[in-house]
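According to TrEMBL, the protein has these features:
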type	residues	note
BINDING	A:ARG17, A:ARG39, A:ASP180, A:LEU181, A:ASN182, A:ARG186, A:SER187, A:ASN198, A:ILE199	ATP binding site
2 protein chains.
Amino acid sequence: MVRIPKSHPRYWSLLYREKIIESMEEGITAKAGLIAHGRGEAFDYLIGERTIEPAERAMKVAVAKLLLAEYPVISVNGNVAALVPRETVELAKAVNAKLEVNLFYRTEERVRKIAALLKEHGAGEVLGLNPTKKIPGLESERGKVDENGIWKADVVLVPLEDGDRTEALVRMGKFVITVDLNPLSRSARMAHVTIVDNIVRAYPRMIELAREMRDYDRKELEKIVKEYDNERTLSDVLRHIRDRLTRLAEEGIWRRERLVT
Amino acid sequence: MVRIPKSHPRYWSLLYREKIIESMEEGITAKAGLIAHGRGEAFDYLIGERTIEPAERAMKVAVAKLLLAEYPVISVNGNVAALVPRETVELAKAVNAKLEVNLFYRTEERVRKIAALLKEHGAGEVLGLNPTKKIPGLESERGKVDENGIWKADVVLVPLEDGDRTEALVRMGKFVITVDLNPLSRSARMAHVTIVDNIVRAYPRMIELAREMRDYDRKELEKIVKEYDNERTLSDVLRHIRDRLTRLAEEGIWRRERLVT
C-alpha cells in the first residue's frame, strides 16, 4: 500500500482510495468497483467531504426503522467490505440485523472472501453463500438472494447499491435504506431512506445512533419514521451542493494567480 | 469486453468504462486510473455529458496557443492512451507538437506499452522513454521528463493530470493547458487554460479546430489568447453545473412514488 503523509489535506480520501485498490488486488472488490468509488469521491468532494444535516436526518430514520424491523438485513458488497468491514459487523450487532453478502458481479470466490473477512471482524452468521431465491425482475446472477436473508427481510440496508436492484427490492415490498453519495442516482431516488454520505463516515455515526436509540420506546421510533420525507432530504442535499458551487464560483477558488505572483 | 447495447441511453459512458478496465488489464492504465475515471464520469454526468460553451471557448484558446508555440508538447498518460490513442496522435500532427509519455505511476513497462500503442496509431517519434531531466519540486519518479520534450517545451498540454504536477509545470514557467472534468481540481485551477470536458469529446473537436485555425494569421491567434480569462471559464462551468442541479431538483427527478402507486 502506498504511504500517504497524515499531513496531506485530503488524507482520508487518499487512504480509502488505497484501501479500495488493495481490496481489488485481494479479490474482494470488483474492477468496476474502483470506478464506482471514483464516482463517489467526486460527489463527496461536491458535498464537502463531511456529514451534512440531511444525511444525519436520514441516518436517524434509518436506525429507527432498523430497530423497529422484525427481520432487518444488512447487505454487503465488495466496496463496502473494502471500506467498512468492522463497522458493518458492529452496526449489524447494534441493530440486531442479519448480514448478507450480495454482489453485483457475483463470483463464489468473492462471496467466500468477503464472508471470511466479515468473520475476521467478529461476524457470527454470514448469509449469501448459498442463495436459493431470486428477486423477481432481475437476471439470474444479479437477482440471487438468501432465503433466510434479503428474501425474508422486511427492512433492508443496501449501501452502494445498483439502481435496478434497489428498484426490484422496493417492488418486492421491502423497506429499503441505502447509502449513496450521488443524490441523483436511481438507488438514491428509489430507496425509502437515502443517506447521502460517505459510508466511512455514515456507518460509525449509525452505530453511535443505534446505541443511543435502542433505549427509545417504539412510539418514539415510529414517530421519527413517520415524520420523515426522503424527497425533501434529497432536495436539501441538492440545494447544499448548489449553494456550495455558487459560493465557490463567486468567492473564487483560484490559487494560480497567488502562486505565480 | 462486456457488450453494451447501442440503444442504452448512456452507451458511450459505459463503452469507455469498459475500455478503461480493458486497458488496466493490458497494463496500460494504472489501478488508480480507474478511480480517476470514475471521478470523471461523475463530473461528466453533472455537466450533462456534452461539450458546453465554456469548454468550446477554452479549446479554441488552447488550439491557438499550441499553434503559436515554438515548442509545443502533448503529454500522454495511461487514461489518455486508453481513451483517445488515435486522436492524441492526430492532434499532435495537427498542431505540430511532440508527444511525450509521462506517467504519474511510472513503470518502464507501462511507458513502453503506451509508446507502442501510439505508434500503432500512427505516431512518429514518441518521447518519454529515457527521461533524463527532473521537474523541480517533485519527488524523483513523478518528476521525470524528457530533455527534448516537456523539459524544453514552452507550451504543454497535460490532460487528466495530477494537481502537483500541473502546479510544478506552471512554476517552471510553462504555459499549461489541461483537460479535466472536475472544475474544482487543483489541475483545473492551476492551469492557464482548462478545458472542462470529456477528453473523448474534446480531442476530436480540438483536431477540427486546429485544421480550421492553422490558416489564421498570428495576430488573430494572439488576439484569441489575449482575450481569454480562465477564471471566468471555470466560474461559468460551476454555474452551469449549479443550474443543472437546480433544474434536476425542481423538475422532480423522483420516480419511486410513481413506481409504487
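From the backbone N, Cα and C atoms, a Cβ is placed for every residue, glycine too.
Where the annotation comes from TrEMBL, it is an automatic prediction and has not been curated.
Cβ-based neighbour count (10 Å, all protein chains) for A:ASN182 (ATP binding site) stands at 22. Put plainly, the binding-site residues A:ARG17, A:ASP180, A:SER187, A:ILE199 were compared by Cβ crowding within 10 Å, and the winner is A:ASP180.
Taking 8 Å as the upper bound (exclusive) on CB-CB distance to chain B, the binding-site residues A:ARG17, A:SER187, A:ILE199 give A:ARG17 in sequence order. Annotation note: A:SER187 (ATP binding site) sits in a helical segment as assigned by DSSP.
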